[in-house]
Structures are given as structure tokens and as C-alpha cells.
Amino acid sequence: MTFPEPDPVVLAAFFIRRFVWLEVLVFIALTRGIVGRGPSRWAALAAMVLCLAGILTTFAPMAGYNQGTLYVTAAQVMSWGGGMWALMAPSALLLLSALLPVPRWRWLDVLHVLLLGAFFVLWWWIS
């Protein structure tokens, strides 16, 4: 008996959603938080905090911290909207930091928008 093999695009999409997207956003947000000024910096740092919370929630079961009200609440928040809310909220804050005064290093915004576009195309492809 042979089992159906999953589509590599679907596997890549699941892998990116689960283990890559928030990690990439952390580095973009951290860089914007370091070089940005004023309100742009604070929006980027808020995005970084959301990304780190999502990463900690993702890897908490491997560390044995998958019990208690904090983890349960964080896991429920991570599952809102099929998990996309938790991925798009930090991205929205990064987009906001690009629109606020004094963001500096505009290439970070270009990189973020390109990655966001690729993410949406991948999401559309598997839907």
C-alpha cells in the first residue's frame, strides 16, 4: 500500500509559517529598533516583542513548558484565524513603523514588503 506524498509547496508553506516567518521578522524588527528613531523605533520593538512571544509559544512544548494558563492563553492566541493573526500582527506593526516619522534604512521596508508578498503568494498557492 502506498501513501499519498504531500506536495512540497504545502510542506514548505507549513515550515515557513511555523519556523521561519517570525524569526525573520525578529531580525528585521531588531534592526529597525536599533537604527530607527522616535515612534518608528517603538513600533518595531513592539513587533519584535510579539515575534518573540510567538517564537516562545512555538517552542515551549519542546522545553516542557506546555502547561499553565500563560502557555494555554498564548497558544489560543497563536491559533486565532488559523494562526495567521499571530503572523500578521507583528508584520502590521513593522509596516506601521515604516510609515511613522524617522524610520531610517528604507531597505528594511523593501525587504519586509518583498517577504510579505512572497508569504501571501505562498499562502494563496496552498489555499
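Each position is counted from 1, following the chain as shown.
Backbone N, Cα and C define each Cβ position, glycine as well.
Sequence-distant contacts of the transmembrane segment (12-30) (same chain, at least 6 residues past either end, Cβ-Cβ under 8 Å): 44-45, 47-48, 51-52, 54-55, 58, 83, 86-87, 90-91, 93-94, 97, 108, 111-112, 115, 119, 122-123, 125-126. Look at TrEMBL and you will find 12-30 (among others) tagged as transmembrane segment.
Within the chain carrying the transmembrane segment (42-65), a Cβ under 8 angstroms from the stretch's Cβ atoms is held by residues 18-19, 22-23, 25-26, 29-30, 32-33, 36, 71, 74-75, 77-78, 86-87, 89-91, 93-94, 96-97, 100, all 6 or more beyond its ends. The transmembrane segment feature in TrEMBL is assigned to 42-65 (among others).
If you look up TrEMBL, you'll see 77-100 (among others) marked as transmembrane segment. Residues of the same chain lying 6 or more positions beyond the ends of the transmembrane segment (77-100) and with a Cβ under 8 Å from any Cβ of it are 17, 21-22, 25, 28-29, 32, 36, 38-41, 43-44, 46-48, 50-51, 54, 57-58, 106, 108-109, 112-113, 116, 119, 123.
The transmembrane segment annotation in TrEMBL covers 107-126 (among others). The list of residues near the transmembrane segment (107-126) in space but at least 6 beyond its ends in sequence, with Cβ under 8 angstroms from a Cβ of it, reads 7, 9-10, 12-13, 16, 21, 24-25, 28, 31-32, 84, 87, 91, 94-95, 98.
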